[in-house]
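Asker: Look at TrEMBL and you will find 43-100 tagged as domain 'Cupin type-2'.
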Amino acid sequence: MKLFRTADLLKDPTPVPEPERFTGAAFSSPVQGCPTSKATTALIRLDPGVRGHWHSHADGQVIHIVAGSGFVGRRGRDPLEVTGGDIVWIEPGEEHWHGASDAGLAQLAFSFGAITWLEPST
């Protein structure tokens, strides 16, 4: 068992491993789990106004908004507005993006299966 404190994860984030997939500064603090699991967990912080590219997750994703506010875009639909405390389930294969409002965004992302990256979101 290991305890991860959100405040500690936010103190010393590292740039995301794929910065070209974001429109600006994005940071990641991995939350290590079982190395054989198909799941990955990380606290992702987006600077104000930053968006990720369109992408999907083979087995879905859960995001929990920890701080700030932002949007989760969905193909062919209006983006969902999200704020601290909100939880979003993204279906397997559903194309989407995550983005920060002018206040910035911190989200705990539980991702399942392979990620397929697509074009920039606009």
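Cβ coordinates are placed from backbone N, Cα and C, and glycine is handled just like the others.
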Asker: For the domain 'Cupin type-2' (43-100), provide the mean pLDDT of the predicted model.
Answerer: 97
Asker: DSSP-wise, what's the residue breakdown of the domain 'Cupin type-2' (43-100) into helix, strand and coil?
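Answerer: Reading the DSSP string over the domain 'Cupin type-2' (43-100) gives 0 helix, 39 strand, 19 coil.
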